[in-house]
Ligand SMILES: Nc1ncnc2c1ncn2[C@@H]1O[C@H](COP(=O)(O)OP(=O)(O)OP(=O)(O)O)[C@@H](O)[C@H]1O
């Protein structure tokens, strides 16, 4: 079965009988990114994709957009898996724990070999770190300096530690000393251990404090205009120009914010908000249950975030570390049978680096130049470094009674929650590795939303973030089973494929994408028209849309000095000149207004047809056209110094406009950010900017349209008169699509044009002077072109309409999505309300039961309460009353039982589903753990039942 084969390949392990095989599990991620050895079903081949190497499926435009927005290729892999084996602890030695038979080949690209059922399993990882390595060596071997550097460049990165309880995750991440580290065997009876952060020697500090310091070093370097960006060699570092020292100006800013939370019993607590910590909540005394901070979905950035989470802006590493230490004090820690200071929650420290270039007013950074020599508006890059210390998975706690029974229940509850969220994490890892192995992105469901932890880590696992995973392993033989499970999941995690990108603000990303698309469209036009430079009017329109001042246009020589003036041309000039004077004399009249409007239209037409001239009224334009037509041959022969602008044929124009529309439309469909537009564009200024850019593209798309025949009723034209260029009034623009066939359309348009041409003036109705034959011939050619261009225009208009409709559909979808998320939130609320109600119902029934018991226990007291003088009830009545009481009691008991059973059934159904999923995935360990858990639940229920009876 191919799927199974693939899965096994990506499972990252190779089982083989002794002697040990040469093939290693896991990815071979050597320091040379170009040297790829794919032993794991193609894991991480993205990481090794050679910079500049073209993927066959990538198209030209996608390449251009990607290079502008930024993809990544660097010497550090996007996903790194490091295995750390802790040394044997004092108490373990004292208890006589045997060392594991695990074989390590330490170092970068090291291996771990573990025996199972007489067979060796070999795993390969990016780094294998032995028990005697210092924290500094761990930092260096996991190349975290480079990861922090990436964060400074605008990428997200996540570092997390995974492993069984007591394997050294917290030691790796925090490194702080805890009380009770006195070499005694851990016990659940011990008091809550306290962290002694200040007393921790510097060399023992873990990854979090080191990362904080390293990040602030980078920030200082940025501020001091030192080297931040790697030499801007490749496109992926496309943000490098913005981050390079030269571009960092007084209008740039760099801010670090810190937040710290814990997920305890599947609830989110803010470790930096005193009123939100677990202990504060417990001491609050109001008795209400805290449901934890809420997760929300940010549609623009496409990630989950925690609502109302405190974020502290830190100006130095010391300040950030102070917050961190304060948060650590609030973390849930307890002594268990496996670890004296066991983290009972998952903690997430998030350092957000916000880099802004340019100020809010839109002042541009001098060093930053746009594509056409213009500055760019304010740009924002937000990158996050997430440092996660997971709580450890553990086998259920059993055999605790007496004084520690309460603690046991709490620990048990915690362990169940931790196991459950880790179980979801493992399912996410398995699904992602399966997805990479099969390459069926759509089919494999990744259950991110099934736990808060995986929801928050969505971008880190299979997303756009760098990822470093520390798989922590214990050195004793007793934990070999758990170690094997950890190594298997670590190996699967190596198959996850992340695609780090610079996290530009969505609006900036949109601008970059639009610019890239514009560049592609320009290039396409240049190639299609076979010109070195695009027509000036296009660029001018684009500049205008971008807010740049209008450039003076050069006048054509032909207009300034026509060599030959025909009698007709002269007559026409005089005629039109008279009209121009009349228009000047009465600018407010309707004639003057329509003329200026027409002049505008004609200007556009003239420009689109390749004449570069100042706006004129239509008559003037026609006059110039006639002059130019007349002097064309002489201009050519005299090799005019005026820059030649290639005139498009109708076919070329049609093809250019439709292809341009296709390119832009295709780009809009390709880009997710564009889909979000205009929702993603928050800043008003940037929104305007985005619209302007769209307008520029739109203007380009409208760039080559020809004149339109007048809708005036055609008059029969004397056969002796040659055809001339028609007049078009502003109210008749844009032209309507022709309904008849192209041939018929050409015929009828020509007839119409012929009919109106030259016979009467559109303004005054006076007779027009006739044209010469040469002018008439030129005019006829222009008409053909005009008709073809009109067709092109129709195609373009249709495409535009489709584009608009697509945008409308996207907007509708967005609205629906928003509605759906609202409904989802409502459902969640209802569910929590339902749970709350059920809980209250249980309490109520218990209270009823208690009351009934009380009544049963003290029947005489009730008799004593009978007022004197009142005749005591007869034995029959008493018997009936007691039976009624019993019935009531039974009834309430039954109701209670029914509720409990219903809950139990629901829980068991859930468990059944989980077990099914586990069995499907072949997770032997989970199956065992769940069976144990179910047994525990059952025994607990039995115990509760026996206590109750
Ligand atoms: N590399 C190491 N060198 C020395 N001691 C270590 C090392 N790693 C872990 N330890 C010690 O092992 C014990 C357990 O470590 P730690 O608390 O970090 O485990 P953990 O995986 O975080 O456990 P939990 O999941 O229960 O929180 C601690 O006493 C710690 O000091």
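Any Cβ shown, glycine's included, is placed from N, Cα and C.
If you check TrEMBL, you get these features:
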- 1-38: region 'Disordered' (REGION)
- 24-34: compositional bias 'Low complexity' (COMPBIAS)
- 78-496: domain 'Kinesin motor' (DOMAIN)
- 163, 164, 165, 166, 167, 168, 169, 170: ATP binding site (BINDING)
- 358-377: region 'Disordered' (REGION)
- 367-376: compositional bias 'Low complexity' (COMPBIAS)
- 543-778: region 'Disordered' (REGION)
- 550-567: compositional bias 'Basic residues' (COMPBIAS)
- 579-593: compositional bias 'Low complexity' (COMPBIAS)
- 611-626: compositional bias 'Basic and acidic residues' (COMPBIAS)
- 652-672: compositional bias 'Polar residues' (COMPBIAS)
- 741-750: compositional bias 'Low complexity' (COMPBIAS)
- 796-847: coiled coil (COILED)
- 854-873: region 'Disordered' (REGION)
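Within 8 Å of the Cβ centroid of the ATP site, not counting the listed residues 163, 164, 165, 166, 167, 168, 169, 170, the chain contributes 86, 161, 339, 392, 472, 474. The Cβ neighbour count for residue 165 (ATP binding site), using a 10 Å radius over every protein chain in view, is 24. Of the listed binding-site residues, namely 164, 170, the sparsest CB environment within 10 A is found at 164. Sequence-distant contacts of residue 163 (ATP binding site), defined as residues of its own chain at least six apart whose C-beta falls under 8 angstroms from its C-beta, comprise 169, 390, 392, 393, 470, 471, 472, 473, 474, 486.
Around residue 167 (ATP binding site), the same-chain residues at least 6 positions away in sequence with a Cβ under 8 Å from its Cβ are 86, 392, 472, 473, 474, 479, 486. The Cβ of residue 168 (ATP binding site) lies under 8 Å from the Cβ of 84, 86, 472, 474, each on the same chain and at least six residues away in sequence. Other Cβ atoms within 10 Å of the Cβ of residue 166 (ATP binding site), summed over all protein chains shown, number 26. Regional average pLDDT for the coiled coil (796-847) in the model is 84. Under 6 Å, Cβ to nearest atom of ligand 1: this is the test, and of the binding-site residues 164, 166, 169 it is passed by 166, 169.
Taking all protein chains in view, 27 other C-beta atoms sit within 10 angstroms of the C-beta of residue 169 (ATP binding site).
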